[in-house]
Amino acid sequence: MPTLGVNIDHVATVRQARRTVEPDPIAAAVLAELAGAEGITAHLREDRRHIQDRDVRLLRQTVRTRLNLEMAATDEMVAIALDIRPDYVTLVPERREEVTTEGGLNVVGQRDRLALVVDQLQSAGIPVSLFIDAEPDQIAASAAIQAQWIELHTGRYAEAETEAAQAQELAALRQGCEQAIAAGLRVNAGHGLTYWNVYPVAQLPGMEELNIGHTIISRAVLVGLERAVREMKLAMQGKL
């Protein structure tokens, strides 16, 4: 079974709604780890809409599992990553007008730039994952620029409106896993996963980690964060 990385961005979203000091995403990360999360994910966006620089620095000091820093492939973010030294970095696309990340990186179209960033980070001992759609050309390009990981974008699977459409998207994810592993890549997945749709993705052969945030934080509002994390662990095992 894959491990669970808990994305704490939306704890920071609530805090930033009032520009105050609570709830603190650092405290949320501690509680998530105590409840069984094997990793903590935070996305430091260029517009700083939720996670702040202060959060990333404190997370690096406090996270005892693995810290996954999601970021755009910009010079500013590379400098921050080289300074903070997360356990690994996930490169994601960003548009200021988007509500959340809308799709995977276009590795094919940005190959030279992404190859440079991957080399900068991995030469410094920071493994890099690329957040991509489960498309053969994007997977091949990710392997070609020597990223260690990919994170398959599960948004289309999560948003499928019929069982047939969901089955089709799950098959694409399965094929993506197989292709990536054959190319020497390690595979994570995330985006839009919930307690009700996570189990089939968790069962994909070779899947190593699922990064999940919004549904856990939404559940935590009602039942508390520790219970919400424990329930997600059960859901990943098909036991919820």
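Cβ coordinates come from backbone N, Cα and C, glycine included.
Look at HIS43 (active site, proton acceptor): DSSP puts it in a strand. Under the heading active site, proton acceptor, Swiss-Prot lists HIS43 (among others).
Taking the Cβ of GLU70 (active site, proton acceptor) as reference, residues of its chain lying under 8 Å away and at least six apart in sequence are, in sequence order, THR41, ALA42, HIS43, LEU44, VAL89, THR90, LEU91, VAL92, PHE131. Residues or ranges marked as active site, proton acceptor by Swiss-Prot on the basis of sequence analysis: GLU70 (among others).
The annotation active site, proton donor is assigned in Swiss-Prot to HIS191 on the grounds of sequence analysis. Residue environment of HIS191 (active site, proton donor) contains 26 other Cβ atoms, counted within 10 Å of its Cβ in all protein chains.
As annotated by Swiss-Prot, 3-amino-2-oxopropyl phosphate binding site applies to ASN7, ARG18, GLY192, GLY213, HIS214. Secondary structure at ASN7 (3-amino-2-oxopropyl phosphate binding site), as computed by DSSP, is strand. Around the Cβ of ASN7 (3-amino-2-oxopropyl phosphate binding site), the number of neighbouring Cβ atoms within 10 Å comes to 26.
Residues or ranges marked as 1-deoxy-D-xylulose 5-phosphate binding site by Swiss-Prot on the basis of sequence analysis: ASP9, HIS10, ARG45, HIS50, THR100. Around HIS50 (1-deoxy-D-xylulose 5-phosphate binding site), a 10 Å sphere centred on its CB holds 21 further CB atoms from the protein chains shown. Under the DSSP three-state reduction, HIS50 (1-deoxy-D-xylulose 5-phosphate binding site) is assigned to coil, being neither helix nor strand.
Taking a C-beta cut-off of under 8 angstroms and a sequence separation of 6 or more, GLU151 (site 'Transition state stabilizer') has the following same-chain neighbours: THR90, SER129, LEU130, PHE131, ILE132, VAL187, ASN188, ALA189, GLY190, ASN211. The feature site 'Transition state stabilizer' is assigned by Swiss-Prot to GLU151.
Closest to HIS214 (3-amino-2-oxopropyl phosphate binding site) by Cα-Cα distance, out of the binding-site residues HIS10, ARG45, HIS50, is HIS10. A Cα-Cα distance of 17 Å separates HIS50 (1-deoxy-D-xylulose 5-phosphate binding site) from HIS191 (active site, proton donor). Each of the recorded positions HIS10, ARG18, HIS43 was scored by the number of other CB atoms within 10 A of its CB, and the lowest score belongs to ARG18.
Rounded to the nearest whole angstrom, the C-alpha distance between GLY192 (3-amino-2-oxopropyl phosphate binding site) and HIS10 (1-deoxy-D-xylulose 5-phosphate binding site) is 13. Listed in sequence order, PRO25, THR41, ALA42, HIS43, HIS50, ILE51, GLY213 are the same-chain residues at least 6 apart in sequence whose CB falls under 8 Å from the CB of ASP9 (1-deoxy-D-xylulose 5-phosphate binding site).
Long-range Cβ proximity for ARG45 (1-deoxy-D-xylulose 5-phosphate binding site), meaning a same-chain Cβ under 8 A and a gap of 6 or more residues, is found for ILE51, ALA72, GLU94.
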